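*Asks:* Here's a structure for you.
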Ligand code: KG4
Ligand code: ZN
């Protein structure tokens, strides 16, 4: 069974062809829009939607070509329909529905966070239970996963997502967009002292990143060098992420951890995660940020359990995972 996975939830147009029987990704094409959003220091929904509309058929054709299959070989169309930027989501959703209708094949709508959660397992099968730490531009959450479809939200950010904090800090420092990769690089190059930044004290497994961001603004105003501020931010953000994760592991007794989302590409986060005494599952770099492969993987598994969705399904800007 060949599954098409489509994601246009934010600023990446992505289409993937996934061979479900072999549990193998045949192609995963991502067209990134970074250069169009750079001057605004963040994603502009209207621009994202227009660029998705311009690119989606090209990305789709390339996904088929790389996979070496024709459009009539597709057996299931799965598309992210929630949560995300509404106008951006609608492009992929409409494209996917049109394909499913014209090919008379089933259609499946996919939850973007569920897709991220399983991105470390594409090509394999997860063992349960595990703790999922989802760290992206739009989301920061800790979820207890006891089976496919069985999720308990343990904690989430109460304000900015960690990737969003990276992007805002980079903007304050004049480092461009997206902020994560450039701050990560500056951290690697820096070998001086770190500045003290506060770790907000919020209850349980929840996070808050807005206080760290404000503290960064003050350091910038005081004239500290960008490299030192960037490196100090990364040190604080990563140890904050790890601290709450450790707390969740201790309180649940779970010994498996799957980390996903754009920030899971971070080199320091990966280093610190590997020091934990757990079975660790990290996606390969190409599946850290938004991609169609994770949508196809999850869409197929949902289809097996609950069958197809009707083409009436709409897009949702917000939707909790549990
Ligand atoms: O998962 P993703 O593509 O988007 C959402 O679904 O939200 O994540 C994008 C985020 C951006 O905020 C970007 O700055 C961050 O991931 N990011 C990183 C790194 N690479 C990307 N953050 C920290 N370190 C990195 N190496
Ligand atoms: Zn995402």
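Keep in mind that glycine also has a Cβ here, set from the backbone N, Cα and C atoms.
Those TrEMBL annotations? Automatic predictions, nothing curated.
Just so it is clear, the model here is predicted, and its values are computed rather than measured.
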*Asks:* Taking TrEMBL at its word that 134, 135, 136, 137, 138, 167, 180, 184 bind substrate, choose the one of 55, 75, 81, 266 listed for that site.
*Replies:* 266
*Asks:* Going by TrEMBL, 112, 116 bind Fe cation; tell me which of 279, 290 is listed for that site too.
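*Replies:* The candidate from 279, 290 that TrEMBL ties to Fe cation along with 112, 116 is 290.
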*Asks:* Cβ within 8 angstroms of the Cβ centroid of 112, 116, 290: which residues besides those meet this for the Fe cation site?
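*Replies:* Filtered neighbour residues, in order: 7, 9, 10, 80, 84, 113, 115, 119, 136, 261, 291, 294, 295.
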*Asks:* Select the closest residue to residue 134 (substrate binding site) from the following binding-site residues, measuring between CA atoms: 112, 116, 290.
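*Replies:* So, spelling it out, the nearest of the binding-site residues is 116.
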*Asks:* Would you mind sorting out which binding-site residues among 134, 180, 266, 290 put a C-beta under 6 angstroms from ligand 2?
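*Replies:* Within range of ligand 2: 290.
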*Asks:* Which binding-site residues from the set 138, 180, 266 come within 10 angstroms of residue 116 (Fe cation binding site), judged by C-alpha positions?
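*Replies:* Near residue 116 (Fe cation binding site) by Cα: none of them.
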